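Enquirer: Before anything else, here's the structure in question.
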């Protein structure tokens, strides 16, 4: 199954909330955050908020303790483990930050299942303050994509991953919920699969004109449906790959078709 690359968004996909909002709200800094949001890019606000947390005596341990309590659907971890056990290459492309994501994944015991995490860099400086930087340094040069926030174009990240994988038979499954997940959905190919979260911003954008997305579209609403649809797609690709090794004998073709038809029906694009 190594021919499948599964790319997860993080916020509201692996975890069920936005990790930035979760930390700010749980530590009691929502009002200041809301004041700053209209004045600068989100990524810059988050770096400034980490300075505010530090100046008010909040420690890295305080942030970690909040991250460890973040809500997620109980079927998401089994879904990740099942996809990994199937031999899929699992990656994350997220507009959160590395410290938040790794703290959560390590606490959940699933960090090692992901071969790559593409997100905004972050580090703890010598004063013990968390710094959050942009994935694309927009202070030096723009990434040039009008669909994405200035600090990260997920579409460019997907293109880099596609270019780094030379095998023609590699197929992508992309899962996401937000506006930032629309650009990468447009970079997927006909053989790929897009899994937008139903009634979230990326779903709404795709539904305006589904024909713009070349990949097959399979919606999901919660962690249970995420697991169901993801494992169905992995099974579908597995059976299609197996059929390539079957000879063109008509009897064997009939067996292959009947096995394919036994798969659960995929979900429609629109609700």
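The backbone N, Cα and C atoms fix where each Cβ goes, and this holds for glycine too.
Automatic, uncurated: that is what TrEMBL annotation is.
From TrEMBL, here are the annotated features:
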type     : residues   : note
ACT_SITE : 9          : active site, nucleophile
BINDING  : 9, 11, 177 : Mg(2+) binding site
ACT_SITE : 11         : active site, proton donor
BINDING  : 20, 95     : substrate binding site
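Any idea what these are sitting next to in the structure?
Expert: Around the Cβ of residue 9 (active site, nucleophile), the same chain contributes 92, 93, 94, 175, 176, 177, 178, 180, 181, each under 8 angstroms and 6 or more positions distant in sequence.
A simple way to gauge crowding: the CB of residue 11 (Mg(2+) binding site) has 23 other CB atoms within 10 angstroms, across all the protein chains here.
In sequence order, 11, 42, 43, 119, 120, 135, 149, 151, 152, 154, 178, 180 constitute the residues six or more apart from residue 95 (substrate binding site) in its chain with CB-CB distances below 8 Å.
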Enquirer: Which ones in the same chain are close to residue 20 (substrate binding site), with CB under 8 Å and 6+ residues apart in sequence?
Expert: 11, 42, 46, 96, 97, 100
Enquirer: Around the Mg(2+) site formed by 9, 11, 177, list the extra residues of the same chain whose Cβ is within 8 Å of the site's Cβ centroid.
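Expert: Sorted by sequence, the hits are 10, 12, 13, 14, 18, 94, 176, 178, 181, 197, 200.
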